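These come from TrEMBL:
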ACT_SITE  H195  active site
ACT_SITE  E292  active site
Amino acid sequence: MAASCMFTVAAPFAASSSSNSARRSRRFGVVSMASVGQKVYAPGVAVSEGNGGLPKISLKSPQGSEAEIYLFGGCVTSWKVPSGKDLLFVRPDAVFNGQKPISGGIPHCFPQFGPGAIQQHGFARNVNWSITDSEVTEGDPAVTLELKDDSYSRSMWDFSFHALYKVTLHSTSLSTTLTIINTDDKPFSFNSALHTYFSASIAGVSVKGLKGSKTLNKDPDPKNPLEGKEEREEVTFPGFVDCVYLGAPSELTLDNGLGDKIVISNTNWSDAVLWNPHLQMEACYKDFVCVENAKIETVQLGPKESWVAEQKIELI
């Protein structure tokens with residue numbers, strides 16, 4: 001039987017009226033466990049204290065799969081299949097202090113992908129989300145997080161919005177649904193991505209399904225990407241890779257080099273990004289690969305309009 005709850009976690013920061021001073025004066029803090037730990041959630045959904053004292057949501061399925069999501073950044077940091085193997089990767093330099101984005105798992109990029117007018121990859125990965133609902137359907141637990149504009153976000157991006165992020169755990173897959181709603185009285189535009197880090201042995205990694213896609217290759221000059229077309233059946237990672245694939249297929253297959261094959265499918269994420277930093281992160285580049293669903297083309301939303309994109313990552 002499904003159960004649900006609704007409550008809000010207060011944002012842990014304040015911003016001044018000036019855009020620049022707001023960015024400088026932002027105060028960071030940890031969401032109080034007392035505000036989230038005493039609530040009643042659906043079966044298979046629990047909240048506990050995670051790394052750095054940050055609230056962490058745990059999802060557990062009857063089949064033995066597990067997932068962890070931090071409210072800070074609305075970031076999924078772990079996805080374990082019934083064997084106990086974690087198919088996601090968190091970098092060893094990741095910090096859990098509520099002051100910078102969590103480096104690993106599935107970070108959000110919103111309302112900007114990459115560098116631009118505001119902070120790198122936008123602010124959604126660098127603020128606290130709140131839990132708005134939890135449920136279980138046929139044994140599969142799910143939690144829905146939300147993020148709304150406030151003085152901090154508006155100091156950089158002066159629009160009212162409402163973001164909902166539903167994470168559902170299945171026996172051998174993890175599904176996410178991101179909904180962006182324009183609650184302003186004027187239109188706005190944005191880009192978005194799920195910057196997913198997969199555990200890997202990079203020498204054996206390959207990605208299938210991108211042949212024929214238009215490419216924007218950021219190697220060697222990220223500021224002036226080279227346009228091209230992917231001709232390979234399998235993309236491998238012999239060195240530094242940072243490439244955008246425009247109009248990518250809705251399904252890709254990742255061989256993580258560790259004996260696992262993962263299908264990455266999506267609805268309405270029209271593009272893909274492959275990234276491995278190679279020697280720029282010598283301590284860990286061999287242990288992960290990023291295969292990202294993205295919306296590089298600008299999304300335009302009028303007042304009260306919404307945009308929805310779904311992702312499913314499944315062990316096959």
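Any Cβ shown, glycine's included, is placed from N, Cα and C.
Across the fold, the C-alpha of E292 (active site) and the C-alpha of H195 (active site) stand 5 Å from each other.
In sequence order, I106, P107, H108, C109, H121, R125, V273, C290, E292 are the residues of the chain that are 6 or more apart from H195 (active site) and have a CB within less than 8 Å of its CB.
Within 10 Å of the C-beta of E292 (active site) there are 23 other C-beta atoms, taking all protein chains into account.
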